[in-house]
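Okay, structure first, notes after.
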Amino acid sequence: MYPHAAPAKELSVKLSEKYGVPVLPINCLELTETEIKEIMTQLLFEFPIREVSVKLPFWLTALPHDHWLRKALFGAVASAANEMELVRDVSLMTERLKECEYTDDCSVSSMDLGCGSANISVRVGSGLFYKVLSESTGLTVENEQSLMATMRELASVKKEYDRLKCALDEVEATGYGIVMPSIDELTLEEPELVKQGGKYGVKLSASAPSIHMLKA
């Protein structure tokens, strides 16, 4: 009759602890739409979980399978998933993932109680990205500013290497290679007036440095 009274609340707590399921003290004679929805929600939470999708930062997939961070996070997900049986255990999984030293936050992004599925989002610290990037490349990358500067420098180095690549391949294959000059390296010589028979013409010539490679 009085679901909000202290005795009813105490009884619901005891029954919940005894049977390991939620207990809702409700007056069925004065049942409201909100309470019906609450009952149905709690009921659906007691069904078996069918599918859980965990969204991790996409850059983790670029790491080797045996990388320490990838192993730690994937291991934490697998360990937390082993404890799940019911839909209500999704919240338990998020709490377990928060205990991982490399996660900043973990939350349920969406749930489909009718299908017994849930989507969980995991966020790791931004500093972790730069730490792993520095370890993997041997370069010092501390923040977005240094990342931009490093990428610009690497792009310049790559552009220069691309000029040499074909010549290096030729050296490996034949023992000799030549790096052809680019258009902006050409130097036009002074035009020269020439006479051929009874006709006149202008002779244009250009010079440019080239790199010759020999395999000793």
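Our numbering is plain: 1 for the first residue shown, then up by one each step along the chain.
Cβ coordinates are placed from backbone N, Cα and C, and glycine is handled just like the others.
Automated prediction, rather than curation, is the source of TrEMBL annotations.
Taken straight from TrEMBL:
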COILED    147-174  coiled coil
DOMAIN    3-48  domain 'Stage IV sporulation protein A ATPase'
DOMAIN    49-216  domain 'Stage IV sporulation protein A middle'
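Summarised as a single figure, the pLDDT of the domain 'Stage IV sporulation protein A middle' (49-216) averages 88. Residues 130, 133, 139, 141, 182, 211, 213-215 of the same chain, all 6+ positions outside the coiled coil (147-174), place their C-beta atoms under 8 angstroms from a C-beta of that stretch.
Per-class residue totals from DSSP over the domain 'Stage IV sporulation protein A ATPase' (3-48), listed helix then strand then coil: 29 helix, 1 strand, 16 coil.
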